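Peer 1: Have a look at the structure that comes next, please.
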Amino acid sequence: MIASLLLYPALHVTIIGALGGLVGAFAYLDRRIFFAESVTHGTFPGAVLGVVIAAALGFGHSGMSAALYVGAFLGTIPLVALMRRLATIPGISSQGAAGIVLTAGFASGYFLATWFKPLPLAVNSFLTGSVMTVSPADVAWAGGVLVVALLVVTLGGRHLIAHCFDPANPAAASRAGRHELVILGLILASVTVAIPAVGTILSIALIAAPAAALAPLVRSSRAFLVGCPLLGALLGIVGLAVAVPARLSAGGTIALLCAACVLASRVPQWVAGARRTRRARAGNQ
């Protein structure tokens, strides 16, 4: 009985963990992590509007679930356009533009959630997720996006990596706009399908943590691209395994585990640095 209840949550966190790790690898290489953070908050208003419209049209739970995904994805598009426009204004950096959009997206989402209260779905499920209530449709949406991401990486991974490492290279520069749109699209899609499990706020953990943890430990881009989704899937399933018996929030537990993983990956560097410092001090005495 318990195994059957955990089947879909386990599948979902494994899929979104692998997806977040894969997409996060390119977000990390392309220096888009803070952009991804702002996008996670930008999905909030679109998700709220999608559910409100679906409820007004008399859709059932599956219809509202689909509307949540569509609304969340479409809602990020004008925010991304606004972010790119703000970044072109003198005096506003790309990080500043992302911060403005992050604040505006979350504030507008909370405003809409309050305005249309009560919503058919609990607001906290938008923010931190509710993995134990995921449906087969949620798993299918996440699985479909993962398949698309794998196809994109398989067919064009080398070009995307070249774009991330050397965007000024003539071979990469000619398609820089296309590569950037592909990476942005993957980020938007991965954040959107992660909402049922980890919400709009905590999904950044599965995108940023695997890449941040593995970056100082791996030697090749191939190992990085393979390791990130594997680590993301592992973090998702272990977080769920810890949260269920402890009766904790699965989304929060996964996010904390992601943070612990990043910290653990830095321990060898800290230890080596401390040893070098001690040796240097001993040599100066």
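Cβ atoms here come from the backbone N, Cα and C positions, even for glycine.
Not my notes, these are from TrEMBL:
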type     : residues : note
TRANSMEM : 6-29     : transmembrane segment
TRANSMEM : 41-60    : transmembrane segment
TRANSMEM : 66-84    : transmembrane segment
TRANSMEM : 96-116   : transmembrane segment
TRANSMEM : 139-161  : transmembrane segment
TRANSMEM : 181-211  : transmembrane segment
TRANSMEM : 223-244  : transmembrane segment
Peer 1: Count the Cβ pairs between the transmembrane segment (96-116) and the transmembrane segment (66-84) that lie under 8 angstroms and are 6 or more residues apart in sequence, then report whether there are at least 3.
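Peer 2: Yes, the stretches contact each other.
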Peer 1: Of the listed stretches (6-29, 41-60, 66-84, 139-161), which one yields the highest count of Cβ-Cβ distances below 8 Å with the transmembrane segment (223-244)?
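Peer 2: Maximum Cβ contact count belongs to 6-29.
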Peer 1: Are there residues at least six beyond either end of the transmembrane segment (41-60) with Cβ under 8 Å to its Cβ atoms? List them, or say none.
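Peer 2: Here the qualifying positions are 66-76, 79-80, 101-103, 105-106, 108-113, 116, 119-121, 126-127, 191-192, 195, 200-201.
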